[in-house]
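Participant: Let me give you the structure first, and then I'll get to my questions.
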Amino acid sequence: MSEDSRGDSRAESAKDLEKQLRLRVCVLSELQKTERDYVGTLEFLVSAFLHRMNQCAASKVDKNVTEETVKMLFSNIEDILAVHKEFLKVVEECLHPEPNAQQEVGTCFLHFKDKFRIYDEYCSNHEKAQKLLLELNKIRTIRTFLLNCMLLGGRKNTDVPLEGYLVTPIQRICKYPLILKELLKRTPRKHSDYAAVMEALQAMKAVCSNINEAKRQMEKLEVLEEWQSHIEGWEGSNITDTCTEMLMCGVLLKISSGNIQERVFFLFDNLLVYCKRKHRRLKNSKASTDGHRYLFRGRINTEVMEVENVDDGTADFHSSGHIVVNGWKIHNTAKNKWFVCMAKTPEEKHEWFEAILKERERRKGLKLGMEQDTWVMISEQGEKLYKMMCRQGNLIKDRKRKLTTFPKCFLGSEFVSWLLEIGEIHRPEEGVHLGQALLENGIIHHVTDKHQFKPEQMLYRFRYDDGTFYPRNEMQDVISKGVRLYCRLHSLFTPVIRDKDYHLRTYKSVVMANKLIDWLIAQGDCRTREEAMIFGVGLCDNGFMHHVLEKSEFKDEPLLFRFFSDEEMEGSNMKHRLMKHDLKVVENVIAKSLLIKSNEGSYGFGLEDKNKVPIIKLVEKGSNAEMAGMEVGKKIFAINGDLVFMRPFNEVDCFLKSCLNSRKPLRVLVSTKPRETVKIPDSADGLGFQIRGFGPSVVHAVGRGTVAAAAGLHPGQCIIKVNGINVSKETHASVIAHVTACRKYRRPTKQDSIQWVYNSIESAQEDLQKSHSKPPGDEAGDAFDCKVEEVIDKFNTMAIIDGKKEHVSLTVDNVHLEYGVVYEYDSTAGIKCNVVEKMIEPKGFFSLTAKILEALAKSDEHFVQNCTSLNSLNEVIPTDLQSKFSALCSERIEHLCQRISSYKKFSRVLKNRAWPTFKQAKSKISPLHSSDFCPTNCHVNVMEVSYPKTSTSLGSAFGVQLDSRKHNSHDKENKSSEQGKLSPMVYIQHTITTMAAPSGLSLGQQDGHGLRYLLKEEDLETQDIYQKLLGKLQTALKEVEMCVCQIDDLLSSITYSPKLERKTSEGIIPTDSDNEKGERNSKRVCFNVAGDEQEDSGHDTISNRDSYSDCNSNRNSIASFTSICSSQCSSYFHSDEMDSGDELPLSVRISHDKQDKIHSCLEHLFSQVDSITNLLKGQAVVRAFDQTKYLTPGRGLQEFQQEMEPKLSCPKRLRLHIKQDPWNLPSSVRTLAQNIRKFVEEVKCRLLLALLEYSDSETQLRRDMVFCQTLVATVCAFSEQLMAALNQMFDNSKENEMETWEASRRWLDQIANAGVLFHFQSLLSPNLTDEQAMLEDTLVALFDLEKVSFYFKPSEEEPLVANVPLTYQAEGSRQALKVYFYIDSYHFEQLPQRLKNGGGFKIHPVLFAQALESMEGYYYRDNVSVEEFQAQINAASLEKVKQYNQKLRAFYLDKSNSPPNSTSKAAYVDKLMRPLNALDELYRLVASFIRSKRTAACANTACSASGVGLLSVSSELCNRLGACHIIMCSSGVHRCTLSVTLEQAIILARSHGLPPRYIMQATDVMRKQGARVQNTAKNLGVRDRTPQSAPRLYKLCEPPPPAGEE
């Protein structure tokens, strides 16, 4: 080697040495810096958590925080801190004043190697600590406490949770070998520290190897470090600094900047790295194996990485025109750069997507959970501090600064000092952290919004005090607002979103950003352009819309933007296959719902696993499962809302065991077929079933444990064929003959012991009555209800027999089938969500109508009975008018009797009706029929959503699974090994009922009007007023007569001896128990009615009140009477004025007890007389006299009042009687009662006569018809939502921080106290005559519906009918109809106490009407436009919704122990009503829609551009108030389908994380492939009357364009 070459070599080695030493300094600096950070973390753990938890454990504030808990969580963390403080001190001494290449640190590690063994205890305890913390995090108070500790410690709350801090010591001890390895690599062999570092490396490896947990961690980190060593040109921090494991790796094609390159991608937790594979020339050499394998090309932090699917065949801007197959886009949001990746196969793409979603789920779930929990904790703490500061008095007050007064504010310095005083914090810096957290979370703010929180003389104010507090999370706010905005934009008759030509290219369905901003401001959504621009950016960030070329953010410029959902709708983004996140159909379902109760620790059935699906293996004879209709071999779809057919079989077993342990009844969705063949073996004990009816005959009852039940025959099934012969049109007797013809055993035994299960509760009750009343063998009247076993042999000749058979084969049609579809989608948080959409025919549909008709018939019968008293009017009717009067009465009463007869007949027919189980839309004119009282096409649309329960307090699909916080695979093994434990799930049910609008208009009357037109406003009210006045007068009259009898009894008993008096009081007069005293002396007191109150239709005037305030004048006279009695009694008994027959003992005196009773009776009597007098003087009586004066020209109201006044002046006359002659009081009272009866009877007759005039038979029939239709649909809709709440599956808004069981309980409390809100949505077009009449009929039906109340009773323990959780009963009159819900005992116990005790509640119906086409230019009547007519309906409904909301707020205010301060009270109620805090915006929108319809047509202005937006907004408004929903159109088919599917998609997007871009895609899938398809099939002859000009939101999506077209 030459001198020159040696010199060059030495120079090069010198450079290498210099570089090596320079890197050594970097490693030493890193060691020192990370050690300082680590000690800081340990100090934070000890001061912020350990010390505070020790204080909490010592004070025993929370039973969950004990000294053992704290020890288990933190182990010997304080000892570790002490060691590391010392270690840090030694390291810093070695590296003083700053690190350089010659300094030595190896000896530091050698000195502390034994002390580091202290980690053994901590690491071995860590797994227990993790499990404990996981359990503690489920307790809300503990979670809040831990977040508070972190906050006061000053750490940013969403960075790292406590579990992250607890794992830090393990990560640190494992990091030392890696640091020492790197240090050794950078230390020359001749360096004085080399040997010490090498020894320290081996020592620290030994320390880690002796600790199992640390060893595992170290091995994982070593693998990552080894991997990084093979990357040439690595940039950025080491992989071990941010990552702990590799999740996925593989070769992908990367398209960026117009180039297609093959790259190797590596996905870690928190990082995506891509490299170029390095080509090696010497493939077999050792150097090539040990050297670099890859060239570093880039890295993306997954925190700023977004992934978007690309459909096969797509070629766009980001793919540089290249066609993408098996590809997806990756967006680096930090640099705003995009590139496209392509996998080799669809399976590989799926694997990458799963890995990316899993990584995002883990990271986002942790962050979202922390954010939500922190916000809740801060808001609660802010409210608590606010109340305390208000009570303090001198902290929050008006303060002056520079001639300006700032109201209700406080000083930052005073706030921190006060927190120290009350012990909320321990150090001033904690107060600063708390103040800043309150400011960042929107609880307080600087009065001029110029400063963060500082403990100085700066003014701050709670946002409660200036109305700027917004309790909702920003992300959900954008989601719900975005969904609302999308629907409104696509509800316009003049679209804002439309195709646009721009630079020689047509862009479909786009809107310019500046035009959208104009629209938002014009609509009132935003006040300024800046606010609108921020909203637009939020929409883009949350996946609603994007720039058409992906080149710009949302700006106030003429830039084209498109909603993602419109791409799906146009078909432009759906060429070949659907995307991963969209709503996909998993399975079509034809099933029936079974209700199975546990009995003696068993449900009575067993399952087996066949092809990964649970199949019924066995059904126990006579069990509840057999009674419900379980059959061997059937597939089970769902149990209690859980889709068990998608679970592993061992999980299904665990799920059933947990249900059995909780004694829950099972709601099982089991597969079935519309038509089945059942083979029943012949038996000596009989076939075990009964049939009823004909054309077709129906299985009336099946015996439990019989051969029929075992074969799979169920009550309600329709018999189509017997032994292959069609009998669907045969008579009842013929069907029985076919069944019995082929049997061997004609006279079965043991029939009395059979326990029958019936088709309906009415059938069961009817049979029970027959069995009790009818002697054996009596077959009279039983032609349509005959037991198969008892058929007479003469029918045998009617059957075609091919010899005797071993079984009877029945082909039957199943009833109450549920047609459904199971969907799945990946939510915005990456969670797999499952949806079951079903369309259900309500059970008990016809029998409920029958019971309502029965109640109406009874009410009419009672009215007819009352009309018999009309003859008393003959005294005041002139002779020449009496014939007219008699003819009028007889004619009207005859019509009433005909109606009563018809209703009873219809009721009988409906009770026996079994097929079909729903009422189809009519296509032909038909005479009046019983089914005309049933709602047409009434179906309940049920959508059940289920997904894994999340870690966030919010509980919505925006979070992720709790277990995703665990980062190692060891937890998965634990999870699979734990038997009986399933990951928690969320189950929520949404119900919407659809029907044809109520109508009493026959199809032949094309130009007829509806009831609202035919009946005047005063007519509607007058009838109710008269009926209520009748009831009040009769009730008051009974009370008066009862008082008279009691006074007679009490005063007559005084004439007996004391001994007899005691007997009398024991025998005739009931003893005064506490309850009776309360009833007589407290409840029956004064009832003073003002004249203007008697027409109040909502409240009973004559009601019991616990107040004597209205009776002072009466009490004076009563008091004087009792005092006179007691003082004059002796002298009176000894006077000569006594009758000769009245021989009384000298010792008789009126006891105080008797005085009290007489006092109470008189007081009650006087109050009733006052009430009756006021009623007789009221406006209703004036109107009745005026209406009937043509029959009594000689006696009008004036004559009646002149005669009444002197005879009913009760207080004056009776006071005189009491003073002058108290012992003649009984006769005075009787005279008064007779006079009252006389006047009441006269008024009663006039009222009845007036009512007879109103009883137009045709109008009332029509009114009853639409009322029945509406009430039946209302009861069915409410029943489904009620059962969802009782099954703890109701939640009207997942935006609130509430579990479903709590939301269900709260809704039940809400309806028990405020009543139930019913939202009726009309899609009728009032410009069409028949639909206008329907709308008018509906208005009157809803008016009558307000008089209905709901009550609840427990049903019988032993059910006679299968799969019916509740039945109905109707009682009362048209003015006060009561519907009773009979509920099984398990569900009855879930009701609020008030309802269990017999309390009821009212219905609050509201109707929002909006045609799906513009009504401009159409007129209703009297120059009132159709738009104005709809606006009047909607304005009245909005007012009712506001009134209901006020009742709701009042209920929560009464329920809450809220503070006296009105502002803080409002804030408290806002928190209690968290789902309702969007109401102000919704009220504003609905009001603006109504106003826009009433203004003059101004098509070019934004104010009129509401379209049909009212439908979706009013629906959301009512939904947030917990309303039941009923959607109506002319047939209940086409328009209802469009609306209900849209509502379901909106609910999924708003509450369950359906990505916003798939709203229309999901709607379209439900319309074309969902459960509603079956409704169209059931009504094939019904014409689709959806307007052609309906907005695009109510149109089907366009099909994809042909291949090759853009």
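Cβ atoms here come from the backbone N, Cα and C positions, even for glycine.
Annotations per Swiss-Prot:
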type	residues	note
DOMAIN	23-214	domain 'DH'
DOMAIN	245-361	domain 'PH'
DOMAIN	390-464	domain 'DEP 1'
DOMAIN	491-566	domain 'DEP 2'
DOMAIN	592-671	domain 'PDZ 1'
DOMAIN	677-754	domain 'PDZ 2'
REGION	1581-1606	region 'Disordered'
Participant: Taking 23-214, 245-361, 390-464, 491-566, 592-671 as candidates, which has the most Cβ pairs under 8 Å with the domain 'PDZ 2' (677-754)?
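Facilitator: Looking at each of 23-214, 245-361, 390-464, 491-566, 592-671 in turn, the most contacts to the domain 'PDZ 2' (677-754) are made by 592-671.
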Participant: Which of 23-214, 245-361, 390-464 shares the most C-beta pairs under 8 angstroms with the domain 'DEP 2' (491-566)?
Facilitator: 245-361
Participant: For the domain 'PDZ 1' (592-671), how many residues does DSSP put in helix, in strand and in coil?
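Facilitator: Across the domain 'PDZ 1' (592-671), the residues distribute as 21 helix, 30 strand, 29 coil.
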Participant: How many helix, strand and coil residues does the domain 'PDZ 2' (677-754) contain under DSSP?
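Facilitator: Residue counts in helix, strand and coil order: 15 helix, 23 strand, 40 coil.
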Participant: For the domain 'DEP 1' (390-464), what are the DSSP-based totals of helix, strand and coil residues?
Facilitator: 29 helix, 20 strand, 26 coil
Participant: Quick check on the domain 'PH' (245-361): DSSP residue counts for helix, strand, coil, in that order please.
Facilitator: 24 helix, 55 strand, 38 coil
Participant: By DSSP, what is the split of the domain 'DEP 2' (491-566) into helix, strand and coil residues?
Facilitator: 27 helix, 20 strand, 29 coil
